[in-house]
Structure formats: structure tokens, C-alpha cells
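For reference, TrEMBL has these:
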type     : residues : note
DISULFID : 38-254   : disulfide bond
DISULFID : 87-98    : disulfide bond
DISULFID : 103-109  : disulfide bond
DISULFID : 158-243  : disulfide bond
DISULFID : 163-225  : disulfide bond
DISULFID : 171-188  : disulfide bond
DISULFID : 192-201  : disulfide bond
DISULFID : 202-212  : disulfide bond
SIGNAL   : 1-23     : signal peptide
């Protein structure tokens, strides 16, 4: 269901593509930093929107209390970042798997998406004449790890957004995803994932801002994490921020 936000980001990009050529730098260098403040390892994954390049091979290991920084493309780019948890490698089977966010059993996702429920950070970089970075954090596809996005040295609308609460502890039983081995709650589904109704998934006659409304389940997420998207047409408060020429965008797990 997060595709609606990504469509919005992609639309913004298309409308502002004309001023740039593929060989020119846009604005200043922009660093993306991913920091793992969790007391356990996280395997960040990066998926570009269609037509954009894969960054950092699409995924890597980030042990507890470590970070990884890399330059964003100089030309417009949009996509998503999420954290995979509970990952392990079976040497006998040559198989890499994650309890949450798995991208087809690969360490380096290479452009593949992650299996929900996952907390998503979504970006559209180097937009328009003012070199805008748009960003948001979405729980539309559920929740697996606390996450924030922090801009540094930008101008304009540049708030810190995301979800600092650990929703695994308060996830309603019907939304819980549990680890088969020991029953530990590893993720919290959205109402759409849990029940699959058109109303909860904002499909068919519910697929418009007028008919896609907050649900009991999305309101649980919104109450805990008000600066996140929690359902497909969520627009209150304004959550898609435009920050002019930030030097760094920092994604933090377990802020």
C-alpha cells in the first residue's frame, strides 16, 4: 500500500526533471547516513523507484551502534530504505533469510523490495530548481523497527520525522507477526495485511482521499507515531517534507 506515496514522489520528480541533464551535478553533495542504534544487528535495504540506480548494492549488514555513510546520486533519485531484522545465513543451504523485511533471500537486495510488514523511509532527492529533498516515514506497510529521518544543514521545511516508539510491545494480538522458533513478536501488520478488506486496503471504491479513511488499526499507529503515514491516503498533518539542499539525510534505527 505504500505505493501511493511512492507514486506521489515519482510524480514530483517527473514534473521537475526538465531543468537537469544526466551529466550535471545538482546542488551540493548530499550524504546519506544509516545509523543502527538498536541493541541488535540490522540489515538495511535500499530499493530505488523504477528507472533509478541501486545504491550500495541494495543492502548490507549494520551491527549495533555502527553507521554507514555514502553519497547520494548527483542527479534526481527516489526510493525507499528499510531495516531487515533477525537475519541469518545457513552455510549448508547457502541461504540468507530475515525474520522481517526479507528481499528474496539476498544479503544485497539489488533493487528487490522487502516483504512486509516493514517500517519504510521514502525519499525523492534533488527535486526542482531549489534542490529539494522530500522525505517521509511510512507505516502503511506495517512496522518492524523504530526509525527516524533527520536532515542536516538544509533550508526550508526540514523537520525530523518518523517513529521512535517500539510498536512491537503494544501491537494488538491480531496484528502480531511472531518468530516461529520462540514466539517473539518481530513485526506488527497493518490492518490491510491482517484482514485484507477493500476498506482497510483502500482498494476499489475506497481508493480515493474521500473514501480512504483512517481505521481503528491505523489510528493505533498514528497515536504512537504522529509524524508517519499510517494509511494509503494519509495527508494530515502534512508529512511529505521539502528541505532545500540538505548536506546529509540521516536514517536512524532505534533512535
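Glycine is no exception: its Cβ is also placed from the backbone N, Cα and C atoms.
Note that the structure is predicted; figures quoted are calculated from it, not measured.
Feature map: TrEMBL annotations on the structure.
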{"residue": "38", "record": "disulfide bond", "contacts (Cβ under 8 Å, 6+ apart)": "64, 145, 253, 254"}
{"residue": "87", "record": "disulfide bond", "contacts (Cβ under 8 Å, 6+ apart)": "41, 43, 61, 96, 97, 98, 99, 102, 107"}
{"residue": "109", "record": "disulfide bond", "contacts (Cβ under 8 Å, 6+ apart)": "45, 46, 47, 57, 58, 59, 103"}
{"residue": "158", "record": "disulfide bond", "contacts (Cβ under 8 Å, 6+ apart)": "151, 241, 243, 246"}
{"residue": "163", "record": "disulfide bond", "contacts (Cβ under 8 Å, 6+ apart)": "119, 137, 139, 143, 146, 147, 148, 221, 224, 225, 227, 228"}
{"residue": "188", "record": "disulfide bond", "contacts (Cβ under 8 Å, 6+ apart)": "117, 142, 143, 144, 167, 168, 171, 175, 176, 177"}
{"residue": "212", "record": "disulfide bond", "contacts (Cβ under 8 Å, 6+ apart)": "202, 206, 231, 232, 233"}
